[in-house]
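Feature list (source: TrEMBL):
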- 41-58: transmembrane segment (TRANSMEM)
- 93-113: transmembrane segment (TRANSMEM)
- 134-158: transmembrane segment (TRANSMEM)
- 142-287: domain 'Phosphatidic acid phosphatase type 2/haloperoxidase' (DOMAIN)
- 208-229: transmembrane segment (TRANSMEM)
- 241-260: transmembrane segment (TRANSMEM)
- 272-291: transmembrane segment (TRANSMEM)
Amino acid sequence: MEYSASFYIPICKMMNHDLDSNASTDSTAPNLDRKPRRLPILRVTFDVALLAIVYFVSKVVCETFGPVKFGFFCHDQRISFPYKESTVPLSMLIIYCVSIPLTFILAIEIILLGINPHERYSVYEYHRCRSARFLIRLAIFFGYYCAFELFILLITMYTKNSVGRLRPYFLSVCQPLYDVDECRIPGAYIANYTCTGGSRERINEARLSFFSGHSSLAFGTAVFTVLYLQHRLVGHIRSRIVVPLIQTLIISTALFVAFTRIFDFKHHWTDVSVGIAVGVFSMLLLCRFVAGFRYRAPREVEAELVALDLEAERKHGEKLNLNNSLRKPQQATSLASNRSFQWAEAYS
């Protein structure tokens, strides 16, 4: 008995060492001795610089060459509306596109770090404090958003200048000078004319009707925020109404921005429709195949939670069985030692 008891303690230590080594090499639990992974600052800087160069070069090209110049039909009522100031000017659109996703990203990531501090969204979060992890998540999500909005903006800029469709208020701004005799024929096309009213910038702006940039950017913002909420928030709150309600309000604000472009005579309804479609489908594809956003239905989340509960119960049961198996030899050893002591007293 003394022989077996003397070897039992080293065996237990070896078993505990093996368990610790297996836990440290698990892919889901990184080694605590490892240092934080180095942040890809150089790569991110290169990407930001590349996007900035592409944007400024595109802006210079579009402003230098300007939109394609087309004529118009005599007495065309579609481009005879008066000029109005925008209900949602460019400055307000920029505030909308920046504040909506940024507010939700800040709030939700702070909440998630509070209720689930062990979750790691990126490999760069391991072995870092919460403030650093929060900044990493902010850079990931808001960086994706800014890049995706820039892609939509580039598509919008090149399309506007390539198509050159006249805005509904074109005639009121251009005040064209042309041969009146050409309009004696109903529906005649006027190709030779000279704009006498407004500045060159305003006249060029009146040729950029297709498609609506406000609509594409506003819906790009709305769709990204909706997908972000579905990707990050579903499964962390019990209510099934909160997330859809917030998503509906966000889509409603984007619809308001788009509809004002029709009421303000800035775009035709087809321009707004195409702008909405470009913003929605572009952001859907980018979020799904570039950012990797995944739709999570409530039932799917419930199934995952049930699976996690079952896995936790299984691990707890295995731990109890292991503890029981380790206690039995100890009890046997103590019982044998007590018997040996009793025998020694009996023969003494």
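Just so it is clear, glycine is given a Cβ too, placed from its N, Cα and C backbone atoms.
Keep in mind that TrEMBL annotations are predicted by a computer and have not been checked by a curator.
Values in this document were obtained by computation on a predicted structure and should not be read as measured data.
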Segment-segment contact (the transmembrane segment (134-158); the transmembrane segment (41-58)) at 3 or more Cβ pairs under 8 Å: yes
Close approaches to the transmembrane segment (272-291) from elsewhere in its chain (Cβ under 8 angstroms; 6 or more beyond its ends): 144, 148, 151-152, 155-156, 210-220, 222-224, 227-228, 258-259, 261-262
Same-chain residue ranges lying at least 6 outside the transmembrane segment (241-260) that approach it to Cβ under 8 Å: 86-88, 93, 96, 100, 212, 214-215, 218-219, 221-222, 225-226, 229-230, 233-234, 272, 275-276
DSSP-derived helix, strand and coil totals, residue by residue, for the domain 'Phosphatidic acid phosphatase type 2/haloperoxidase' (142-287): 99 helix, 8 strand, 39 coil
